[in-house]
Every structure is written in C-alpha cells, then in structure tokens.
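**Q** Got a structure for you, written out below as structure tokens; questions coming shortly.
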Amino acid sequence: MRFDGREKNALREIEVTPDYLMHPEGSVLIASGNTKVICSASVETKVPPFMRGEGRGWISAEYSMLPRATNTRNIRESSKGKVTGRTMEIQRLIGRALRAVVDLDALGERTIWLDCDVIQADGGTRTASITGAFIAMVMAIAKLDEEVPFTKFPVKDFLAATSVGVLEEGGTVLDLNYVEDSAAQVDMNIIMTGSGAFVELQGTGEEATFSETELAELIALGKKGISELIEIQKETLGDKITARIKGE
C-alpha cells in the first residue's frame, strides 16, 4: 500500500471535463489526482513551410506551466525570454506521440496545434498532457469531419501515456505522484496505442539500476494503466467518434 492509499497497480483518480474552453475546436481539463492540465486543440488551414504543397497535415504541440502550479513559484518562460530545455523536450514528445496515430495525408493541408497548460502539478504532467491532448485533438478532427466528412478518418488509433517506477520500499508502481517521482530509483514514461503498440519508452535509473524482470513488471503496469486511460477516452469521446477511429 502506498502512502496515498493506492495499490501498486492503481492509477490516481482520473477526471476528464470535455469542452472546457469555449473557443478552441477541441478542449479538455484532465485531472490525474492533483495534477491538472488544460489541453486545447486549434485548427489552422496552413502547414509549416517545409510541408507546403505536399497536401499533408501536421500536428504540433506547446506546453507550459502556470507559475504557481508547483509548490514554489516559477518564473514565466515569457519573462525569461526563452523556452527551457525541459519544456522543449516535452513539447516535442507530445507532438511526436500524437503524430504516431494520425494519418497526415488524410488530414489534408492543415495544422492542429495542441496547447497543454499545467494549472496544478503533482507529478505526471507530460503523460497527462499526452492523454488529454489526444482527446482534444480528436474532438477538433471530429468537428472537421462533421463539416466535410473525411474519406478516411485521420485518427488511426487511440493513444495514452502513463508513468511507472521503482520505489525503494514499494517496488514497481504505476502512475507516480510528485513525492514518489522525487524518491524513485527508476522512473519511466510509457506511451502506447489502443492496439497495444508502443510509441515511446523513456526509462532512467537514478543512482540505481533495474533488472530485466523489473522492466517487464514496469511495462505490464504501464499497459494496464494505459488500457484504463483509453477506456476513459472512449467514454469521453462517445460511441460515434470511437467508431470512426476504428474505421467503422
């Protein structure tokens, strides 16, 4: 039993509020325990310069955190005049993950921007951002589909992410909060599709190593958590959109 009462294979309580913002084509507030992220999807009828004239679309992401999303205030990156390496890494991760499940040819020559804004952080902000951004992105694409139906729905599969880790006294665990993440001997982020394919594995030992057996346990925990997250995504999006993703 962990200090917050969860079993080792339990996600934190997940709540998804769709249409959280009035202006974007798609938006959600996703809460993973005390971590809360607003994810919005905006559609632009243009693509980056390197893709012009190809007839293909693009998915890109931006990530930020409110100054007091954390225990102590952080200076806004706009005040610093530059984006930190961590932020750049997370933005690229979100965009790369989402592009893995989108047929960019079917999307057509348009860009979908995903903005992930952390309003409260308690560990797992990047994985919550990916899980929430997927929902917002699909909502935006579904609106395009209602206006002019796609011959082939661009979203090929569901996608979600979670964290797993190894604690000194708790062994392998699913969905680490900040306290656990700070003390973890091993921390890993897992991104998977609804069909069970891996998009990304990011695992690191912190002054520690991990065995092949522990790696297998971590992956099994991640698969369980992602399966549960994808069910929540399906419930949020509804049967009609879920059927479009399945090609029905």
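Any Cβ shown, glycine's included, is placed from N, Cα and C.
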**Q** Among ARG76, ARG86, ARG99, which residue does Swiss-Prot name as a further phosphate binder in the site formed by GLY124, THR125, ARG126?
**A** ARG86
**Q** Excluding ARG86, GLY124, THR125, ARG126, please set out which residues of the same chain place their CB within 8 Å of the center of the CB atoms of the phosphate site, keeping sequence order.
**A** TYR63, ILE90, VAL118, ALA121, GLY123, THR127, ALA128, SER129
**Q** Need the DSSP three-state call for GLY124 (phosphate binding site) to compare against my parser.
**A** coil
**Q** Go through ARG86, ARG126, our binding-site residues, and report the one whose Cβ sees the most other Cβ atoms within 10 Å.
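**A** Counting Cβ neighbours within 10 Å, the top one is ARG126.
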